[in-house]
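Taken from TrEMBL as is:
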- A:32-52: transmembrane segment (TRANSMEM)
- A:64-89: transmembrane segment (TRANSMEM)
- A:110-135: transmembrane segment (TRANSMEM)
- A:147-167: transmembrane segment (TRANSMEM)
- A:179-197: transmembrane segment (TRANSMEM)
- A:233-251: transmembrane segment (TRANSMEM)
């Protein structure tokens, strides 16, 4: 039996290790699935890149850095959200959701660990795509990981929060996947608008907006994390933690509702 | 002892699962459906208990409530002394479940990887755990396929992998929902053997819900029959079989049977049918007390009939089950109201 903070920590580490190992094993066993996802994203990027270059000509190169950073953030945000939102439906279909619920730790805690494990896959796909985009375009941008990783992590906390919200709603209401698809268009709007929302402070509290703005500055203006204004960083942290907490609380609410309605694990 | 009302419920120090006056209702104020309606039961440690009942009787709802997957409307549930409603996570440390048969595992992983995964979810997997996994795979005849991807296995093998992963950690209680669904005769037999061994050798308490009455009869120590969310019978399997006191006899007599004799027999006995065939008459009759068969044979002989043979139909568990569930007056009424036959 798992008791105490130390017990909970070792239990969490063990669960996280199991989830990460599972993801790696599946990625290694079915490399075409992962490769297919990357090829699809790369094809989409090529379409935008080549289309933009033929339309705008030499002027396009000035916006290339912004495009790459925006595309990178879109891939990460969408993957982290979509993976998590769809994961609970998939686990329910596989008949494994109940088994995750029956662990001797809180289900919402397991959901957070699932978020972290899916985030690692997201990072893998995101950074692979970033390398491909830079190689293809011959663009040079700042890749200071000490500055990039914290910004990306806090930015993705908001999409993970939304993923938890939709994941919880899926457990309770089942077939709501049609709404999932719509959210990615909203993400595109927020990422594109992110740097232009600088003027309106309230808009910084939308998901991805502040992250998009700061990431553009770090990667294209070659700033370091500590070069950024403390207020801007505080907004990033607050927005990330706020959406994550919001998603976490609603996830717990929806799973409790699912238990009351007797539909936990059904699909 | 048959019938939930008659069962004495005393605090049993050996019970590992305890359900007290459980109610689970669905719906709003206007129309409420009671999926579980005041169920109380205890399960002794190390026993195998079968949950029986027609579709919609409340078997799965009961199991999922005990597991904490469904929040009950009222009542209490404890497993190993831990209140499942108040503290489901602590209760989960003592139990495992296979609710989705051949599903419930990751089909893109091998058997070994699944065992490691489910083992690790519940704590680190060390030498001791791996030894237990190997022993269990041997018992389930899965050792040779340890490194096969689950997707490539037969349904019976997948079912056994589900069971193996549920047992990947040290548990006290195992819940199974329709474990033989989709299994062939051999697969079902192997599973039954495994369950019996688990209870006997490892002292695991097993609560199994199934439509497979043959499996329940051969594996379980005790049967609980649910219908419309209520327990209609709760007793040892052999006692459930004894419930059906009525035996059906087939008597074949030489020649035809006069109408007056038939009337006399029908007034005294519950005659199912008279069939004349090839110069003989087959009389099928239901007799509630075995001693009464002597009175019947005497009456036939007195009427000048020569008895060629007497055969008694064996009572099986399915007949007991049907008599308990389908002979309930309210069931007939509710089915009639729904337009069912």
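Glycine is treated like the rest: Cβ placed from N, Cα and C.
Remember, TrEMBL labels are computer predictions, not curated facts.
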Go through A:32-52, A:64-89, A:147-167, A:233-251 and flag the stretch with the largest number of C-beta pairs under 8 Å relative to the transmembrane segment (A:110-135).
A:64-89
Which stretch, A:32-52, A:147-167, A:233-251, tops the Cβ pairs under 8 Å count with the transmembrane segment (A:64-89)?
A:147-167
Folded-back contacts onto the transmembrane segment (A:233-251), same chain, C-beta under 8 angstroms, at least six residues removed:
108, 111-112, 151, 153-165, 167-169, 204-207, 209-211, 214, 225
Contact set, same chain, for the transmembrane segment (A:147-167): CB under 8 Å, 6 or more residues outside the stretch:
73, 76-78, 80-88, 111, 115, 119, 122-123, 126, 176, 179-180, 183, 187, 207-208, 210-212, 214-215, 218-219, 223-225, 236-237, 239-248, 250-251
Cβ-Cβ under 8 Å with the transmembrane segment (A:32-52): same-chain residues at least 6 beyond its ends:
26, 60, 63-64, 67, 71, 75, 125, 128-129, 132-133, 136-137
